Amino acid sequence: MSTIPSEIINWTILNEIISMDDDDSDFSKGLIIQFIDQAQTTFAQMQRQLDGEKNLTELDNLGHFLKGSSAALGLQRIAWVCERIQNLGRKMEHFFPNKTELVNTLSDKSIINGINIDEDDEEIKIQVDDKDENSIYLILIAKALNQSRLEFKLARIELSKYYNTNL
């Protein structure tokens, strides 16, 4: 398993998109707003899978989808967590780090000042069958989903600062 990037945003990637703005940030800002809507919808779909069907293939697909769109915008920590969800859905990984370890990798920890990093956590109380070999993967995906929500919140803070508006 690769290590999570220390920067929330890869500005080299995002600046390529921003360069298309031509003195008007509406283009790049519009892409970010679309991503925000897309991410919230995808998080909800993942949660429904964890609460309902518990389909690892669908969770893999959702993780892959969000990994691609977040990576394209340079939102590299979200992309990293979504890749873990994808790999857990494929049973290619068997571990997910705890939240404190991941938060401690941030290059600028001041972004978390005043934020309750556990505020939006869904309880990791998904109903699993102890005899189901997929149970551990579902529990780890639930843990990763909570982390992706935190990374999403941190990315929104950074992007809101850049665009000087609440995104």
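From the backbone N, Cα and C atoms, a Cβ is placed for every residue, glycine too.
These features come from Swiss-Prot:
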DOMAIN    24-129  domain 'HPt'
MOD_RES   H64  phosphohistidine
Long-range Cβ list for the residue listed as 'phosphohistidine', cut-off under 8 Å, min separation 6+ in sequence, same chain only, gives C82, Q86
Taken over the domain 'HPt' (24-129), the predicted model's pLDDT averages 91
Residue counts for the domain 'HPt' (24-129) under DSSP, helix then strand then coil, are 66 helix, 0 strand, 40 coil
